[in-house]
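First the structure, in the form of structure tokens, and then the observations on it.
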Amino acid sequence: MNVIRARTAGFCMGVSLALRKLDREVDRAEEKAAQGSPRCRIATFGPIIHNPQVLEAYAGMGVRCLRQVDEVEAGDHVVIRAHGVPQQQEKALRSRDAVVVDATCPKVKKAQLGIEEQCRAGRTLLLFGEAEHPEVRGLLSYAGEGALVFGSVDELEGLPLQPETEYFLAAQTTQDRVAFEVARAWLHERLGHEVPVLETICDATRLRQQEAIDIARKVDAMVVVGGFDSGNTRRLADVAAAQGVFTVHVENESQLPVEQLRGCGIIGLTAGASTPKSIIDATQRFLESL
């Protein structure tokens, strides 16, 4: 089986940075324990990234995943997830007697602060994203009153837009660039003027999606590897499938639909921004063995 593997597949800068910060806390805790000091408890606030294998590995190291601020105990070292958290939660975390390490992706943090600045200037946010995604919940916390979220142009068309309101447009950092531009054009037509835009979709997302599209146009089938909870991975699968090629999204090689793939001559392989290289490698080896 011939496999074309995306060069952009695997960890992005934000994920790598978040995991390095968490690893550093784990290493420091182990060093202190080796010196005879009590081992401090390490936790993340929410899953550090959206990948089940990575989360399982950290759980095996004793890293806890907290969901509520009141779960934080004195002396805990708490690492904020790569997706960021609502600013009210971050403030509450920092009020606890704990060490708080912010592992929010720099691109997400920039989006948070940009949204806050626009809202302070009197504009109202229109956010293209998944309403229940943790990054989106965090972004909205910087937006104040009146912010509106939409996950598609169809949803945008159904929003109660007010002609007298000064809007600005932003997106979840891992959103589909093409769909974002369609939304931007629709707003221009609907409101009769260009809406100010925050360019919050990160370059890594844009490059990954474009490479997935390019590969999908050359192959008989497309395999996208990454957590089912990962929004950026789901969108890679979406943009690949939109090219008319059979596309499958799996978390590891054991989930591959072997019989459907066996007759393919060329298979494309890409992966989400939170997928470890080891899983991508294992998937590639399995595909090449078919």
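Note: Cβ is positioned from N, Cα and C throughout, glycine not excepted.
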Site co-member for [4Fe-4S] cluster according to Swiss-Prot, given Cys12, Cys105, out of Cys65, Cys202: Cys202
Set of same-chain residues at least 6 away whose C-beta sits under 8 angstroms from His83 ((2E)-4-hydroxy-3-methylbut-2-enyl diphosphate binding site): Gly46, His50, Thr104, Cys105, Val108, His133, Pro134, Glu135, Gly138
Residues that sit under 8 angstroms from Ser274 ((2E)-4-hydroxy-3-methylbut-2-enyl diphosphate binding site) by C-beta distance, when 6+ apart in the chain: Phe11, Cys12, Val15, Ile49, His50, Asn51, Val54, Ala82, Gly226, Gly227, Ser230, Asn232, Thr233
Chain-internal residues near Cys202 ([4Fe-4S] cluster binding site), provided their CB is under 8 angstroms and they sit 6+ positions away: Cys12, Gly14, Cys105, Lys107, Thr173, Thr174
